[in-house]
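Peer 1: One structure follows; several queries about it will come next.
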Amino acid sequence: MDNSKDDLICIGFEGTAEKSGVGIITSKGEVLFNKTIIYTPPVQGIHPREAADHHAETFVKLLKEALNEVPLEKIDLVSFSLGPGLGPSLRVTATTARALSLSINKPIIGVNHCIGHVEIGKLTTDAVDPLTLYVSGGNTQVLAYTGKKYRVIGETLDIAIGNCLDQFARHCNLPHPGGVYVEKFAKDGNKFIKLPYTVKGMDLSLSGLLTSAMKKYDSKERIEDVCYSLQETSFSMLTEITERALAHTNKAEVMLVGGVAANNRLKEMLKVMCEEQNVDFYVPEKQFCGDNGAMIAWLGILQYLNGKRMDLKDTKPISNYRSDMVEVNWIHDESKNLNDGNIKSRKIPKHLIGKGAEADISKGRYLEFESITKERVKKGYRILKLDELIRTRRTVKEARFLAAVKECGIHAPSIYDIDKENKKIIMGYIHGKIAKDEIEEGNIEFCKSLGETIGKMHGSGIVHNDLTTSNFIISKNPYIIDFGLGKYSDLIEDKAIDLIVLKKSIMSIHYDKFDLVWNKIIDGYKTYELAESVLECIKEVEKRARYL
């Protein structure tokens, strides 16, 4: 490559699943060509081998079209999607890129498909340091850049949202891709059907929701009403975990990317949530939402210009290539640390002492006691029936579990009053700092006591379901708060997922202290008699994660 050129040109090949994409882009961010062809199976469902055959045919056609726009001799770099994705599709894509690289004697770079979505979004919008919700057929993740990596703060624990919608559509004999038809039918729905709503901290589960929606359809509910209810429930869950991640990271921007980002209802929900949280919202234009070659080409340029090089022997596809496996070499501004003050962060209204994903927190007095009032405010993005159900249920649940853990000898705020109608809890004010702030200031000795507290809670058959460093107050002892998602369970896997949620929350903003903090927490947790079984289960749950 001629490194003296002012404007380098890269061609990118995207082929991780059923979409073949070729894009050409310059190092100044000018898109010269971008076209995607989707494989539509003759029968329902995508067969990996047939998708690979589709790539083999369409890459030739797309390449000819691309080179009619940009002569071959102007190409300086070849980029392709290294993963994650379907093995056969990835292999055809890599082979195509290698063949072109060898034939024109130009360097080649394999890139992460997921991060390609994020970077093309940043290029084509005004987003600088966003919290990103990435939603597609094979991926559902909440991502944030910190410490030279895009950290996975939240994700699906089973199936991706796009797959959920497609499977439901197939069950109803609707064509592929099913999400388009679900959105179309949902517009004519007028009856909300209660479906499972499963959020665990900043993670979510969609398999139970899918099964229930299928059963509702089979029971002769109108398809319009089932689609409406499926979409409202699943998208509310997606918006909620994004809002939870926003409250934990204090980012000032949210960006929506991926194929499901084309859904207008999801965009509307996220826009409303961002307005309520007073942060900026971005979504790329439609051609850059779904899988496309331009995003692969752009990420290839970013990596190459910042020193990334690849030999052909290093271009073997990685089907489980997670976003957080990539060392980010193209972002050099370390002011993206949350506490530096050199980049925008979410602002808390002055009349509040805290604003979480669910509630506004204000300080006052109850009789002669210092107190706080926690009000679960209405969420404009959720339909009224669902919003009322969730806020009422969680208000009551939180009060019950705060009382329950205190009976188990665990430190928690005292409940003074509950206003179920207005979704308010008045509780004792705890003098101290949240664990997140203590850790950021370098104080970590208390972390062992966090583990002991969690172990005692699990030993009492209580699972928090939203363990983050934002949900502990450090006073003379650690106080645990925010039990809106809590439940009783003796299942080892439920306790393992509780710790996984905490683990990801620590990695998302305390990455530079992660080993020290996590090891101390685990040391304390081992006082729980079933700790080893839970820790072993964590490994099993993390290994089986399919959607990357």
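Even glycines carry a Cβ here, placed using N, Cα and C.
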Peer 1: From LYS374, LYS378, LYS379, grab the residue that Swiss-Prot records in the same ATP site as ILE353, GLY354, LYS355, GLY356, ALA357, GLU358, ALA359, ASP360, ILE361.
Peer 2: LYS374
Peer 1: Per Swiss-Prot, which of ASN68, ASN250, ASN263, ASN278 sits in the L-threonylcarbamoyladenylate site along with TYR134, VAL135, SER136, GLY137, GLY138, ASP166, GLY179, GLU183?
Peer 2: ASN263
Peer 1: Would you identify which residue of ASP291, ASP311, ASP314 Swiss-Prot lists as part of the Fe cation site it also attributes to HIS113, HIS117, TYR134?
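Peer 2: Record check against Swiss-Prot: Fe cation site with HIS113, HIS117, TYR134, extra candidate from ASP291, ASP311, ASP314 is ASP291.
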Peer 1: Please tell me which one of the binding-site residues listed here (ILE353, ALA357, ILE361) sits closest to SER136 (L-threonylcarbamoyladenylate binding site), measuring Cα to Cα?
Peer 2: ALA357
Peer 1: Cβ-Cβ under 8 Å from ALA359 (ATP binding site), same chain, 6 or more residues apart: which ones?
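Peer 2: Residues satisfying the criterion: LYS374, GLU375, ARG376, VAL377.
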Peer 1: Should GLY179 (L-threonylcarbamoyladenylate binding site) be counted as helix, strand, or coil on the basis of DSSP?
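Peer 2: Going by the DSSP assignment, GLY179 (L-threonylcarbamoyladenylate binding site) falls within a helical segment, counted as helix.
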Peer 1: What three-state secondary structure does DSSP assign to HIS117 (Fe cation binding site)?
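Peer 2: Note: HIS117 (Fe cation binding site) is helical by DSSP.
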Peer 1: Report, as a single number, how many Cβ atoms besides its own are within 10 Å of the Cβ of SER136 (L-threonylcarbamoyladenylate binding site).
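Peer 2: Here the count is 27.
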Peer 1: Between the Cα atoms of ASP466 (active site, proton acceptor) and HIS113 (Fe cation binding site), what distance do you get, rounded to the nearest Å?
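Peer 2: Between the alpha carbons of ASP466 (active site, proton acceptor) and HIS113 (Fe cation binding site) there are 29 Å.
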